[in-house]
Amino acid sequence: MALLAMHSWRWAAAAAAFEKRRHSAILIRPLVSVSGSGPQWRPHQLGALGTARAYQIPESLKSITWQRLGKGNSGQFLDAAKALQVWPLIEKRTCWHGHAGGGLHTDPKEGLKDVDTRKIIKAMLSYVWPKDRPDLRARVAISLGFLGGAKAMNIVVPFMFKYAVDSLNQMSGNMLNLSDAPNTVATMATAVLIGYGVSRAGAAFFNEVRNAVFGKVAQNSIRRIAKNVFLHLHNLDLGFHLSRQTGALSKAIDRGTRGISFVLSALVFNLLPIMFEVMLVSGVLYYKCGAQFALVTLGTLGTYTAFTVAVTRWRTRFRIEMNKADNDAGNAAIDSLLNYETVKYFNNERYEAQRYDGFLKTYETASLKSTSTLAMLNFGQSAIFSVGLTAIMVLASQGIVAGTLTVGDLVMVNGLLFQLSLPLNFLGTVYRETRQALIDMNTLFTLLKVDTQIKDKVMASPLQITPQTATVAFDNVHFEYIEGQKVLSGISFEVPAGKKVAIVGGSGSGKSTIVRLLFRFYEPQKGSIYLAGQNIQDVSLESLRRAVGVVPQDAVLFHNTIYYNLLYGNISASPEEVYAVAKLAGLHDAILRMPHGYDTQVGERGLKLSGGEKQRVAIARAILKDPPVILYDEATSSLDSITEETILGAMKDVVKHRTSIFIAHRLSTVVDADEIIVLDQGKVAERGTHHGLLANPHSIYSEMWHTQSSRVQNHDNPKWEAKKENISKEEERKKLQEEIVNSVKGCGNCSC
């Protein structure tokens, strides 16, 4: 029984962490057993058994755990039962709610259609040769000119050796005679050093100038592509981001942008120039030495290229495995560090290290395969080139014996082939790295092709709104996250301008969904939503979201200063305006007491601040935004009573003469609302003022109010435990069974 209680508590804590960390996978220690000697239930079995609905607890599990349930563990087990709903969702996402969790894709382009390589290259060339940047096109043209000069100088080098050797032979009568040492040394030094030195220096000069000129083109392309991807990701709808893990997405973008620079250089300065040089060398050999030399050269190069391409394609799968392992390792590290406190709570440092090491081991295995196959590729390339070079040299020696070629021709042929071997060796590397870079870039360009589900209509007009006209109206709105599971069923209500309206209801009634629909994170399947008398689907998203401020339940801050996070509400605001909203939110004095004042770093996700301080920052920056409409999505539900009262006092000053909608769980926070709307099963069940709704003792609101009030009283009443003892076991069992069944009606991760 103790084991059951321990795991129940762990599940409940894990469920809470899963709710908050919607962009990361939850780390939960496997369940060893339910209790005693009964059947053992593993996490994957829980997911497999829930066939009817992914979030349901199997009836067999309910029965077994109920039979082994002790009286003292009822509350803990109830929390655990709710948390059990999470397990199947980790395997497969069935809920797309605003803060729902689920199986996030470690592959950022999972479920997306790949972009063809030719389209990637075409898109790349559009950045290399931009129509709106003549200065960059001029740089590309100049770079190509320097490239041609460098290749020409490379071809000249073997000819320098040929003419030097031939002239020396002529001076000594067909045989190289070193009897006259001064003349010989002078002639060789002059011919080789001047010709070779000038050619090599010229080639190096052209290459370096080319790199310097083209550098701005490459960096500009990288910057523009990275910016476009980043902006596009922000424009995608919430559903896309809820199905992707942040760590994997970040790594994919990083690898893709790094691959851009390499592919740009490879396409413009390696692959095409190598092809040009191969044709040039083959033509020279055909003209100077005969068709046999050209055929052997082309045959060697063709075999070399075919072997390189075939082996590289085979090796590509190992790079894909490395990327996947790299993504998994990155996700594990980021998720574990973001959940630092949770790891400490359960003493799971070693478990996290072992889990992380498992991904690293997978990466190591794939990397070793890649390294060993690379050695095989390099040896094969060297063998093919050596065979071709040997054949060419044999043909050249036969030509010298026959008198059709000179010793200088032998030197020239050898020099041309060795000159060609440098880019050929690099060709293998370029092809391998280009293939790998294209794999990395595929995700980047695939993301750019993803179309958002929430977008402006053609020629959408900006929202015309003022605080005096900021009415909010829902007209027969129907909405469901998953087909067949309705969240809102024909809901209709209106919030007059400048009024405070509260929306309350039980879990799963659709309260938070209203916020997401009004902010257009989602579109209703039926019905319309109006703001200032205008259908929000007919106005631009930018103007709509500028007019609506949101104070979320879990305020997440940027890893920056307090001042930066406050200023984020309106980045053009003056320091005086920032200080004013901080005072209005009751935060100014607390900030001044900090060692660095407004320059205090808040830490990752604002974890250096208390919950109350984070909520006040969220309220302050919403005020700084100065929207006509403010939405409070259970903004104080996670705070203690004292902090809640302080923040509610600050809110009263904020909402004066401003349209405000409060999504509330604690009814005590909305007693002063102009109107309270009670939702039940996705419909407006009741509406009225606090006192008006309490006047009906059988109303849903009245029952909720008295239930919450009795909980507070019972919490402080020392006789409550004695009263519990008088409740019969049978009544307790029936009550708990009913609560368990009710707890699994929703998805368990959100308010649906």
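Residue numbering: from 1, along the chain as shown.
Keep in mind that glycine also has a Cβ here, set from the backbone N, Cα and C atoms.
It should be emphasised that the depicted structure is a prediction, and the values quoted were computed from it without experimental measurement.
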Going by the topological domains in Swiss-Prot, would Gly215 and Val407 end up on one side of the membrane?
no
For the ATP site, Swiss-Prot lists Gly505, Gly506, Ser507, Gly508, Ser509, Gly510, Lys511, Ser512, Thr513, Ile514, Val515, Arg516; sort out which one of Tyr481, Tyr530 goes with them.
Tyr481
Which candidate, of Lys92, Lys216, Lys361, Lys526, Swiss-Prot gives the annotation N6-acetyllysine:
Lys216
Annotation N6-acetyllysine per Swiss-Prot: which of the candidates Lys62, Lys251, Lys369, Lys656 has it?
Lys251
At a C-beta cut-off of under 8 Å, are there same-chain residues at least 6 beyond the transmembrane segment (141-161) that contact it? List them, or none.
191-192, 195-196, 199-200, 202-203, 206-207, 209-210, 213-214, 217, 268-269, 273, 276-277, 280-281, 284, 408, 411-416, 419
What is the three-state DSSP composition of the topological domain 'Mitochondrial intermembrane' (281-290), stated as helix, strand and coil residue counts?
8 helix, 0 strand, 2 coil
Should the transmembrane segment (260-280) and the transmembrane segment (410-430) be scored as in contact, given a threshold of at least 3 Cβ pairs under 8 Å and pairs 6 or more apart?
yes
Calculate the per-residue pLDDT averaged over the topological domain 'Mitochondrial matrix' (23-140) and state the result as an integer.
47
Six or more residues beyond either end and a Cβ under 8 Å away: which residues meet both conditions relative to the transmembrane segment (291-311)?
278, 281-283, 285, 373, 376-377, 380-381, 384-385, 387-389, 391-392, 395-396, 413, 417, 420, 424, 427-428, 431-432
When secondary structure is assigned with DSSP, how many helix, strand and coil residues does the topological domain 'Mitochondrial intermembrane' (404-409) contain?
3 helix, 0 strand, 3 coil
